[in-house]
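Reviewing the structure listed below.
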Amino acid sequence: MFRPSNGMSRRRLIKTGMAGILATGVSPLIFSKGAWAQEFCNNPTGATVTFGLNLPLTGAYAEEGADEQKAYELAIKHLNGEGDGGLINVLKPTALKGNGILGKKVEYVTSDSQTLSDVARAGATRMIERDGAIMITGGSSSGEAIAVQSLCQEMGVIFMAGLTHSNDTTGKDKRRYGFRHFFNAYQSGIGLGPVLGKEYGNERRAYHLTADYTWGWTQQESIKNATEALGWETVQTVLTPLGAGDFSQFLTPVLNSGADVLILNHYGNDMVNSLTQAVQFGMRDRQANGKNFEIVTPLISELMAKGAGENVKGIFGTSNWHWALQDEGSQAFTRSFGAAYGSPPSQAAHTAYVQALLYADAVERAGTFYPPEVIKALEGHEFDGMGNGPTLYRAEDHQCMKSVLVVRGNENPTSQFDVLNVVQEVSREDSTYDPAMFGGDLGPAEPAPLCT
Amino acid sequence: MFEVIFLQLLNGLDKGSAYALIALGLTLVFGTLGVVNFAHGALFMLGAFCAVAFRRLLTLETVTLDPTRLSPWGQPLEVRAPVVQAWFGDFGAVLVNYSVPISLLLAIPVMLIIGVAMERGLIKHFYKRPHAEQILVTFGLAIVLAEIVKATFGPNPIPQPMPTDLRGAADIGAFFGMQANVITYPLWRLIYFVFSLLIIGAVFAFLQFTTFGMVVRAGMADRETVGLLGIDIDRRFTIMFGIAAVVAGMAGVMYTPLLPPNYTLGMDFLVISFVVVVVGGMGSLPGAVAAGFLLGILQSFASMTQVKAIVPGIDQIIIYLVAVVILLLRPRGLLGRRGMMEA
Amino acid sequence: MTTFMSRRDLILFFGFAAVVLLLPILAQPFGAAYPDLLQRFMIFGIFAIGFNILFGLTGYLSFGHAAFFGVGSYAAMWSFKLLSTNALPAIIFAVVIAGVFALAIGFVSLRRSGIYFSILTLAFAQMSYNLAYSVLTPITNGETGLRMAIADPRVLDRLFFEAPVAQPVPSLFGFSLSGWNGFFFSAIFLLATFFLAMRITNSPFGMMLKGIKSNQNRMNYTGFNTRPYTLTAFVISGMLAGLAGALLVVTDPLAGAERMRWTASGEVVLMTILGGVGTLVGPVLGAWIIKYFENIFSSFNDNILSAFFSFLPEGAREIAVTVSSKFVGDGWHLTLGLVFVLIVVFLPGGIMEGVRRIAARFSKADRDGTARERRLAPKAAE
């Protein structure tokens with residue numbers, strides 16, 4: 001019997017009752033794949049298991065998306081025991097055997113998210129409902145990642161985030177079913193602050209141009225805090241619409257604002273455009289307050305540096321990973337990727353590849369695809385050999401704790417790929433922060449019976 | 001404060017140049033053929049890709065493998081040799097450096113052919129059909145053209161470097177004998193502004209001082225009478241469509257160093273150029289030009305922090321707000337003729 | 001002819017209802033029988049029918065209907081956040097707010113006609129979109145999109161139940177509305193909308209609108225004020241767009257600004273034209289085709305294609321894959337654009353005109369019947 005005072009249990013009873021009516025009614029006769037016919041969402045019963053790759057193949061971050069796709073295809077090959085095995089050979093500890101996952105061959109379906117949250121969500125839903133994806137991964141904007149992550153929580157499907165750098169992804173908007181290997185804006189601030197102080201001194205006046213969405217806001221806040229801690233002054237912060245294209249109307253006011261550093265909290269094509277246009281405005285040849293005017297791009301990738309060409313020379317930023325790192329894991333990955341596609345992998349490709357492997361490894365260790373068990377296997381997991389040194393998948397917020405790179409645009413590139421130099425590796429100890437800082441609530445691990 | 005306002009004004013003229021050029025072509029087509037061409041932005045985009053294609057051609061490389069050296073992923077290093085430099089030496093290097101302005105020469109015939117083909121192949125069947133259907137078919141065409149470019153050149157923007165001598169900023173203040181390093185503006189953007197004035201002047205002179213232009217103007221005013229005089233006005237109008245395409249294409253070519261072109265470029269400019277045309281007055285060439293610069297300036301000033309502090313978000317809506325106000329108070333636009341699509 | 005509905009209309013309605021409710025089976029061979037896509041079929045069907053009430057009946061081409069769709073989404077989401085996870089108040093709230101919004105925009109925009117009306121609606125929609133993306137972020141949550149959170153107030157729910165510990169989801173008196181439940185829930189609204197559109201088309205009001213479409217000046221000259229009629233049509237159309245927007249957050253609880261962009265407005269225009277302007281079934285058909293393209297065509301990657309062409313020899317297969325991959329996957333827009341241009345050029349009445357022409361050919365013997373079909377065909381060229 002239920003207690004009358006407890007409304008929830010009464011609701012649940014009605015709900016279950018209705019479910020029973022529905023179950024004995026029309027729907028299961030038509031749909032053998034009803035929610036009650038399986039133990040959890042998309043339990044793989046055949047000889048294969050399907051990954052859902054949610055990739056921005058068009059839109060502002062399309063270049064990252066294309067690189068991620070290459071990385072996932074490579075990772076899936078390696079998981080299935082094809083190719084040279086890549087990072088499977090260097091992951092420590094590893095439960096991967098190179099025969100798929102739990103003996104099931106890995107397959108994949110794709111969806112073009114167009115770098116838009118709405119579309120990303122629709123694509124993820126399609127891959128879960130129709131294509132039976134056991135796990136969703138990918139994306140290269142924090143907007144997408146947060147939207148898809150909350151969907152995956154509702155569906156009870158694990159989401160291994162691709163490139164997403166907002167503090168919110170594993171902060172305010174964190175979810176039990178979402179995991180992020182990539183670093184975040186706060187860690188960029190930790191890494192970049194001291195280097196900027198050393199290079200540009202403690203008396204600087206900064207002007208921020210910021211992409212107007214979750215990632216831009218958190219990065220602006222993090223970098224602002226980090227630079228103000230150095231003693232810098234923030235002259236102005238201006239929000240710019242995502243995908244503005246021509247930033248000139250935001251750049252002209254910078255010239256005589258009294259600022260001597262321009263901080264571009266942009267990413268992807270936006271960054272390529274705003275940086276190129278800022279250089280066209282002569283900002284790098286300018287003097288202000290008796291110092292050289294400088295531009296800083298707190299988050300930068302090889303792909304963007306390539307797009308900006310020589311405008312990026314000498315400019316500081318941070319990266320999650322770089323192909324020229326000398327450790328065994330990075331070398332192995334660069335070799336595999338380069339042999340397959342003729343170019344070194346970007347940081348987006350690296351994080352995508354690692355996420356696919358980490359999921360597979362967690363399933364092997366859990367011995368089941370049942371998401372709550374896989375989540376347990378990932379939470380608090382300590383591993384090494386993936387290119388960022390010893391890494392912890394923190395249980396409190398599902399954020400990876402590892403070293404972070406401060407990079408600088410290469411002044412004398414030897415090839416078209418050699419565009420960024422690593423100037424400093426910020427250790428895991430230094431880049432670790434208190435998970436309670438950004439709030440948020442992971443929510444339950446038990447899946448809601450929503451997946452059909 | 002003077003330099004801030006002056007710079008923002010300059011920026012507005014610079015932004016307005018592109019708007020004015022696109023709106024000019026759009027108005028030419030509307031004024032002559034009476035067609036509302038939603039594919040006009042796509043012509044701008046195609047022009048930009050003329051520059052891309054030309055540069056691709058100039059920067060073709062021969063790739064040889066050097067087995068003695070290894071790439072970072074342990075394969076033989078690719079050695080790339082540019083073909084044009086190999087053939088023409090220093091002259092080849094100059095060609096590559098100045099590829100953007102030189103590709104204007106390619107864009108003119110290509111855009112003329114595309115424009116005439118578009119008019120003869122599709123648009124001419126829509127003269128007698130209602131505006132709504134013209135909008136729809138050209139909108140469909142715009143999607144097709146954009147997707148063809150995407151399928152050919154990929155979805156990502158392709159940067160087009162400007163000639164090395166024209167990079168960086170010009171010190172306008174110092175030029176006029178003021179304090180150095182206060183009023184500086186990118187050289188290429190100034191060139192773009194001057195370029196747009198030249199094109200606009202050329203189009204007006206063409207319409208004003210040539211017999212061809214006179215006939216076209218007469219046709220714009222009263223198509224039937226001109227037809228009764230035994231003049232083949234349709235053929236001239238076809239050529240005008242071609243000219244509009246060339247104007248849009250050239251505007252696109254010169255815009256590439258400012259914004260790396262991708263296939264969405266046309267759609268990005270489409271909405272705004274229509275607003276410009278409507279604000280200027282449908283069918284009014286001086287109106288289109290004036291409205292282009294005016295909206296550019298308004299947009300530039302609305303983006304200033306001081307202005308945004310008074311009216312939050314004004315930079316996002318200023319253009320549409322102006323359009324709404326103009327349409328409600330003066331539906332024929334700033335310089336539109338009385339009776340032109342007035343309702 | 002009954003007093004309520006003609007026999008013809010009854011057959012049409014029940015035929016339509018049967019197709020809609022059997023979609024989970026009928027769509028099976030097309031690979032479209034999964035809840036999310038079929039929900040979208042329902043939702044965008046409603047959107048297109050609503051748009052058609054304005055465009056098909058009055059001839060006013062709005063290029064800003066996505067704004068009402070988006071407003072409906074945001075309003076429904078705020079109802080979920082502030083009042084209750086129950087879908088009914090959310091839908092009512094969304095329809096009312098979208099209606100008010102449409103009344104304001106329609107009142108201003110309908111002062112102009114033709115392309116000026118199109119530009120006015122476009123300008124209003126773009127303003128809404130740009131503001132939703134930037135300064136209205138406290139209301140819309142900008143690019144990330146508005147979602148439900150555990151900590152939301154939900155006053156009505158908290159009055160009756162304990163605060164839930166889990167992530168809240170939209171429901172109908174305790175029943176979850178995701179998956180197939182969501183589909184059937186939306187289907188009921190689609191059928192109701194279809195019924196409403198039928199009644200409006202056949203009512204004196206509908207006749208009046210068609211009169212406005214064929215010659216507004218003549219109507220005005222007779223001393224007849226057309227504005228209240230067009231405004232009513234505009235508001236109804238906006239409310240249906242709001243309903244569609246609300247249903248989208250009911251079935252997928254996230255409201256993003258992207259759905260207000262002008263391309264989304266363009267999409268509903270494409271749907272209506274593709275299916276057949278001024279027809280009852282056409283807009284729904286157009287919506288289904290476009291959503292099918294968007295979700296299924298776009299998911300074809302090279303792997304799927306080479307499996308599809310596996311019957312071809314090695315070389316030919318690669319060519320077939322390369323060529324066809326330009327038209328599917330992320331190139332699905334190309335197919336859409338081509339189909340659309342062809343439709344506008346050759347079949348201005350959309351697919352429904354094609355269906356009618358084929359039907360007319362089959363019943364050539366019955367000359368009277370053909371003549372009747374012609375008479376009933378909407379004159380889209382007007």
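Placement of Cβ uses the backbone N, Cα and C atoms for every residue, glycine included.
From a predicted model like this one, the values you see are computed outputs, not experimental measurements.
In TrEMBL, the feature transmembrane segment is placed on C:268-289, out of the ranges C:268-289, C:290-311. TrEMBL assigns the feature transmembrane segment to residues C:332-351, out of the candidate ranges C:12-31, C:332-351.
Sequence-distant contacts of the transmembrane segment (C:115-136) (same chain, six or more residues past either end, CB-CB distance under 8 Å): 60-67, 70-71, 74, 105, 108-109, 142-143, 257, 260-262, 265. Non-local neighbours of the transmembrane segment (C:37-55) in the same chain are 20, 23-24, 27, 61-62, 65, 69, 182-183, 186-187, 189-190, 193-194, 197, 200, 233-234, 236-241, 243-245, 247-248, 251-252, 268-269, 271-272, 275, 277-280, 282-284, 286-288, 290-292, 295-296; each lies 6+ residues outside the stretch with a CB under 8 Å from one of its CB atoms.
Among the stretches C:86-108, C:180-200, C:268-289, C:332-351, the one making the largest number of Cβ pairs under 8 Å with the transmembrane segment (C:228-248) is C:86-108.
If one looks beyond the transmembrane segment (C:180-200) by at least 6 residues along the same chain, the residues whose Cβ comes under 8 Å of a Cβ in the stretch are 5, 9, 12-13, 16-17, 20-21, 23-24, 35, 38-39, 42-43, 45-46, 49-50, 52-53, 57, 87, 91, 172, 206, 236, 240, 243, 247, 250-251, 280, 284.
The list of residues near the transmembrane segment (C:268-289) in space but at least 6 beyond its ends in sequence, with Cβ under 8 angstroms from a Cβ of it, reads 12, 16, 41, 44-45, 47-49, 51-52, 55-57, 61, 63, 65-66, 69, 190, 194, 197-198, 201, 241, 336, 339-340, 343-344, 349-353, 378, 380.
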